[in-house]
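**Student:** Annotations per Swiss-Prot:
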BINDING   Cys244, Cys247, Cys264, Cys267  Zn(2+) 1 binding site
BINDING   Cys259, His261, Cys280, Cys283  Zn(2+) 2 binding site
TOPO_DOM  1-15  topological domain 'Peroxisomal matrix'
TOPO_DOM  43-48  topological domain 'Cytoplasmic'
TOPO_DOM  75-98  topological domain 'Peroxisomal matrix'
TOPO_DOM  126-133  topological domain 'Cytoplasmic'
TOPO_DOM  161-187  topological domain 'Peroxisomal matrix'
TOPO_DOM  212-305  topological domain 'Cytoplasmic'
TRANSMEM  16-42  transmembrane segment
TRANSMEM  49-74  transmembrane segment
TRANSMEM  99-125  transmembrane segment
TRANSMEM  134-160  transmembrane segment
TRANSMEM  188-211  transmembrane segment
ZN_FING   244-284  zinc finger
Amino acid sequence: MAAREESTQSANRVLRISQLDALELNKALEQLVWSQFTQCFHGFKPGLLARFEPEVKAFLWLFLWRFTIYSKNATVGQSVLNIQYKNDSSPNPVYQPPSKNQKLLYAVCTIGGRWLEERCYDLFRNRHLASFGKAKQCMNFVVGLLKLGELMNFLIFLQKGKFATLTERLLGIHSVFCKPQSMREVGFEYMNRELLWHGFAEFLVFLLPLINIQKLKAKLSSWCIPLTSTAGSDSTLGSSGKECALCGEWPTMPHTIGCEHVFCYYCVKSSFLFDMYFTCPKCGTEVHSVQPLKSGIEMSEVNAL
């Protein structure tokens, strides 16, 4: 029976990363609340909140504490991750929420401690210089001890996975799941699908620059736009000059490349600049030189139309 309870507790134990994520979410929420609160005072006199910043922060954190830990036994970050605080000092194995005294002490240690850390030097500034120096040394010594205690607590937390902060260890509260967690089955179908799609996308990014889109487009257009003259007829430059061999329209500034077909100047020049091995899509003739069509032949064709 005891072995079964131990296995159940180990299966429902909150992961270390989940507890640390909850702390990071709490810090992010506090920064967001404070930034949104300061936005309300942009139109006021500069430095208005500077004098009362520790007190205003303490009031905001107290407001958050009232509607999170005091009422729901969990911080905002813990609620997101489906965990909450449990009274570790209770001998009953059934879930026991933190007592009211523990919640109040939690507020004193977290909210009051941060307020005292920001206000301690201001409280002793008006004192005598010697007493201020002694108070400063004492405060530095206490802060150093707390930092050392937090470091030792964090090392123990990494080893045992319990009490993520020094405050939790001193008050005897630790994180547990809100509901019993069942064993999760990890499936790799989604990951495999994402890896395949990413690999296919990288392959396309590597392959597409190697494809001559302009040449492929010209080849397809040559299949779609048939020759106006038949194979048996005498194909002359005038009979084939009624349309551009690339775009199929009446040639604008007609030019030739050494074969019997006519091109728009823009079509043939852009294709030749894009591909130095450009060939005529109709007959496959290589570009020797781009020459304008003789005006006499062009005018005769216009008159024939």
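Any Cβ shown, glycine's included, is placed from N, Cα and C.
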**Student:** Please report the Cα separation of Cys259 (Zn(2+) 2 binding site) and Cys244 (Zn(2+) 1 binding site) in Å, rounded to an integer.
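**Tutor:** Cα-Cα, rounded: 13 Å.
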**Student:** Cβ-Cβ under 8 Å from Cys244 (Zn(2+) 1 binding site), same chain, 6 or more residues apart: which ones?
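**Tutor:** Trp250, Pro251, Thr252, Pro254, Val262, Phe263, Cys264, Cys267 - these are the non-local Cβ neighbours of Cys244 (Zn(2+) 1 binding site), listed in sequence order.
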**Student:** May I have the DSSP-based helix, strand and coil counts for the residues of the topological domain 'Cytoplasmic' (43-48)?
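**Tutor:** Taking the topological domain 'Cytoplasmic' (43-48) as a whole: 0 helix, 0 strand, 6 coil.
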**Student:** Taking every residue in the topological domain 'Peroxisomal matrix' (75-98), what is their average pLDDT?
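**Tutor:** Mean model confidence (pLDDT) across the topological domain 'Peroxisomal matrix' (75-98) is 88.
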**Student:** Excluding Cys259, His261, Cys280, Cys283 themselves, which residues in that chain have a Cβ inside 8 Å of the centre of the Cβ atoms defining the Zn(2+) 2 site?
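**Tutor:** Not counting the recorded site residues, we get Ala245, Ile257, Gly258, Glu260, Pro281, Lys282, Gly284, Thr285.
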**Student:** Looking at Cβ-Cβ distances, which residues of the chain lie under 8 angstroms from Cys283 (Zn(2+) 2 binding site) while being 6 or more apart from it?
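**Tutor:** Long-range Cβ contacts: Cys259, Glu260, His261.
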**Student:** Would you please pick out, from the binding-site residues Cys247, Cys259, Cys264, Cys267, Cys280, the one with the fewest other Cβ atoms within 10 Å of its Cβ?
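**Tutor:** Each of the binding-site residues Cys247, Cys259, Cys264, Cys267, Cys280 was scored; lowest Cβ tally within 10 Å is Cys247.
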**Student:** Cα distance, Cys280 (Zn(2+) 2 binding site) to Cys247 (Zn(2+) 1 binding site), nearest Å?
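**Tutor:** Cα-Cα, rounded: 12 Å.
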**Student:** Setting Cys244, Cys247, Cys264, Cys267 aside, what same-chain residues sit with their Cβ within 8 Å of the center of the Cβ atoms that define the Zn(2+) 1 site, listed in sequence order?
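**Tutor:** Checked against the 8 Å cutoff, the neighbours are Ala245, Leu246, Gly248, Glu249, Pro251, Thr252, Phe263, Tyr266, Val268.
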**Student:** Below 8 angstroms Cβ to Cβ, which residues of this chain, lying six or more residues outside the topological domain 'Cytoplasmic' (43-48), approach it?
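**Tutor:** Same-chain contacts beyond the flanks: none.
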**Student:** Where else in the chain does the topological domain 'Peroxisomal matrix' (75-98) make close Cβ contacts, counting only residues six or more beyond its ends and a cut-off under 8 Å?
**Tutor:** 5, 14, 18-19, 21-26, 29, 64, 68-69, 106, 168, 171-179
